[in-house]
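Over in TrEMBL, the protein carries these features:
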| type | residues | note |
| --- | --- | --- |
| COMPBIAS | 1-10 | compositional bias 'Basic residues' |
| COMPBIAS | 11-22 | compositional bias 'Basic and acidic residues' |
| COMPBIAS | 47-56 | compositional bias 'Basic and acidic residues' |
| DOMAIN | 105-345 | domain 'Endonuclease/exonuclease/phosphatase' |
| SITE | N249 | site 'Transition state stabilizer' |
| ACT_SITE | H345 | active site, proton acceptor |
| SITE | H345 | site 'Interaction with DNA substrate' |
Amino acid sequence: MPKAANRKRSKNDTSKRNSKSNEDDEPIVTVAATTDEPKSNKGVKRKASESTEKNIKKSTSVNERNTIEATQDVDDEEIQLPTVMTLKKSDRLSSNGNKPTVKFASWNINGIRAWLIKDGLKYIEQEQPDIMCFQELKCEKEKIPTNATPPGYKSYWLSGDTAGYSGVGLLTKIDPINVKFGIGIAEHDNEGRTITAEYEKFYFVASYIPNSGRKLVRLEYRQEFNEAFRNYIKELDKKKPVVWCGDLNVSHQSIDLANPKSNTKIAGFTQEERDDFAKILADGFIDSFRYLYPDERDAYTYWSYFRNARTRNIGWRLDYFIISSRLQENLCDTIHQTDVYGSDHCPIVLLLSV
């Protein structure tokens with residue numbers, strides 16, 4: 001999820017419906033989330049190569065805990081990242097008794113250069129996904145380090161028009177038939193949010209869905225993007241089954257976040273965002289995790305850096321693998337790699353027999 005840098009806010013920024021918001025691009029919970037929404041013209045831009053320290057402002061009022069803003073630095077030592085990576089494994093078969101043949105992974109890495117410094121490649125070395133996607137590169141594609149592409153993979157990168165903001169990436173061991181950047185609508189493709197790779201038996205769509213922002217300043221735009229994206233994957237699904245994944249910036253059900261009652265008016269859990277997500281599922285798609293684990297609680301993929309939220313597991317499920325319903329028989333498992341650190345999100349894994 002995007003993280004906010006210290007900046008001033010232009011009075012005119014939110015008057016434009018499609019302008020990039022200065023507000024947080026992540027949910028704000030009892031333990032607050034943060035953002036990297038583009039800064040106003042009067043703001044001070046933070047270079048992607050600068051410190052990856054997270055900014056947090058402490059609130060003394062219980063009633064203010066849902067509107068915490070980012071101003072005070074918190075470094076990685078305070079986050080206390082574990083030094084040993086432990087990956088969950090699965091031996092689940094598909095419903096027709098087949099072993100998985102393709103392993104997919106998705107991870108919002110919160111800045112690819114910071115992720116590399118934190119030895120993020122070790123995760124890929126251990127997990128060995130066949131197809132891997134990233135969100136929130138925060139780096140122009142021309143400046144992405146060459147070592148971000150491990151041996152044996154081809155890489156495809158997409159950055160937006162604003163430096164140090166958004167961006168998605170794809171690593172693949174399997175040669176795609178074709179790779180498309182964006183969804184073909186200019187007003188939705190300038191932030192670097194979607195890569196689609198066509199394979200023999202399916203389309204793989206990696207996405208980083210816009211956040212509605214603090215005070216929901218981008219909710220209207222988010223809903224327009226949702227509708228355009230829904231139509232986009234519906235058209236793909238008419239040709240081949242779709243595997244869609246990424247940071248979708250929504251917790252669909254109350255079970256998908258730690259504090260649902262206090263967050264109904266917060267980005268990521270508004271009724272509008274949840275209804276839009278439900279429309280996509282109703283068009284013939286499956287939330288693979290909830291399909292397999294309909295009642296599992298405390299299953300989150302994002303935690304704020306504030307107040308040891310991850311240690312306490314005060315989080316949100318914002319990262320998904322959505323599959324065409326006709327891939328239901330091919331679904332083996334979906335895994336949250338919650339013991340993998342290096343970002344405020346954890347990687348997620350999909351196992352399919354295709």
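Just so you know, glycine gets a Cβ as well, placed from its N, Cα and C.
On the backbone, the CA of H345 (active site, proton acceptor) and the CA of N249 (site 'Transition state stabilizer') stand 12 Å apart. Residues belonging to the domain 'Endonuclease/exonuclease/phosphatase' (105-345) score a mean pLDDT of 97 in the model. Within 10 Å of the Cβ of N249 (site 'Transition state stabilizer') there are 27 other Cβ atoms, across all protein chains.
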